[in-house]
Structures are given as C-alpha cells and as structure tokens.
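Written out below as structure tokens is the structure these notes cover.
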Amino acid sequence: MTCCEGWTSCNGFSLLVLLLLGVTLNAIPLILNFVDEDQFFENPISCFEWWFPGIIGAGVMAIPATTMSLAARKRACCNNKTGMFLSSLLNAITVIGAAYCLLVSIQALAEGPLICNSQSNTTSSCEFSLKNLTANYKESFDLQWFFEDSCVPHTDSNNPSITNTTANNWRVYNLHFNSIENQHRIIHFSVFLGLLLVGILEILFGLSQIIIGFFGCLCGGVSNGRSQIV
C-alpha cells in the first residue's frame, strides 16, 4: 500500500465514523418526537431536523466516497490513477453534503428550538426553503435562547386570565413548562452542535482526500512504471 492509499484508507474509516455519527445525531430528535407524541410532525423540537442535515448531508452524500476510500485498504480500486481521481470526485460530493449539514446546523443554533420562537409547536410553522439558510445570516449570531433562564416570550401581564391565576398554580405551571422547555433546548443545542462539528470534520477530510487523490494520480503513474521495469 502506497502512502496515498494509506491516507485514503484512514480517511475512509474517519468518514465512516462521522457518517454514522451524523445519522445518529439527526435521528435523536426525530425518535424522541415520535416516542413522546406517538406520531411525527406533532410538537417537534425544531424544524431543522426535518431538513435531514445529518441523514442526507453528512450521511447519504458521504457514502460513495466512504466506500471508495475503504476499498483502498484491499487495493481494490484506489491503486491506480483512475481510482484515485474517482475518489477525489466522490469526495467533492461529500464536501457539498457536509457544507449543507454545516449551514443547517448554524441556522438551527442561531434560531433555537420551536418552543423559543413559535406559539404552535408544529411543522406547519416551518418554511422549508434553501433561501432560509442565508436569509438570517445578517443578524447577530448568539445563543441567548440557550444560556438564558427561559427563552419563551413572556405573556402579557395585562391579560386578565393571567392576573387572576393564583401564585401557587402559576409556580406549578411554570416549573412544568420549564422542564419541557429545558429538555427541548438541551437536545436542540447538543444535536446541532454535534452536527456542526461533524460537518466541519467531513469538509476537512473531504478536502484532504481531494488533494491526496490528485497526488495519488502522480504516485500511481510512478508505481506502475517501476513495476513494469522490474
């Protein structure tokens, strides 16, 4: 195994781990939503897990490059110019998918879960458009929704239905509401921070494989020439 093939094989194992991690992280809020509500699309944690950044972006789009890179271990297809060049092209798809995962994760961390932004916790309030990925980047990026005691907008204190509520009932309701709110905030933050890191690492591994693939084309030519002389 040449140095190029060795690095390609290492890249393949790294992409495989990141691929599985991305799919798992993306599936966590979907599974929890189904377990809690016994059906999808009702009271989701956020809109962004339904963009499937980990399942499609960091997962499906990384499968071809991962398979090709792992084949280098057995010298099945990455031991020649064509194989290394094809590996570079497939990793370009991985970089695109990882960039998609990265953009969705940044947007998700900027906006927070639905419980912090919407009165109706349903996917009916979600706008699935690629324009949304860049629409709010001009705004300041912060994580106040996560670090504050509560991210839920305060209700109007002049509302008679609230002023007539007893203090004891309000405290019980507030504690119960915050427990659900904190659960959504922690899951949302953990999932998309993890997907953000997965996207960054996949981009780095993908770009490194693109570069090493072009070097592999040169190494493959030299290796073939030496084998013919021997």
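Glycine too: its Cβ is placed from the backbone N, Cα and C atoms.
Across the topological domain 'Lumenal' (1-11), the prediction's mean pLDDT works out to 70. The topological domain 'Lumenal' annotation in Swiss-Prot covers 1-11 (among others), and the record cites a curator's inference as its basis.
Summarising the annotation, Swiss-Prot assigns topological domain 'Cytoplasmic' to 33-44 (among others).
Taken from Swiss-Prot, the feature topological domain 'Lumenal' covers 66-83 (among others), and the record attributes it to a curator's inference.
As annotated by Swiss-Prot, topological domain 'Cytoplasmic' applies to 105-185 (among others).
Look at Swiss-Prot and you will find 207-230 (among others) tagged as topological domain 'Lumenal', backed by a curator's inference.
The transmembrane segment annotation in Swiss-Prot covers 12-32 (among others). Listed by sequence, the residues of this chain that lie at least six past the ends of the transmembrane segment (12-32) yet keep a Cβ under 8 A from its Cβ atoms are 40, 44-46, 49-50, 52-55, 57-59, 62-63, 65-73, 94, 101, 187-188, 191, 194-195, 198-199, 201-202, 205-206.
Under the heading transmembrane segment, Swiss-Prot lists 45-65 (among others).
Among the features that Swiss-Prot reports, transmembrane segment is placed at 84-104 (among others).
Among the features that Swiss-Prot reports, transmembrane segment is placed at 186-206 (among others), with the record citing sequence analysis.
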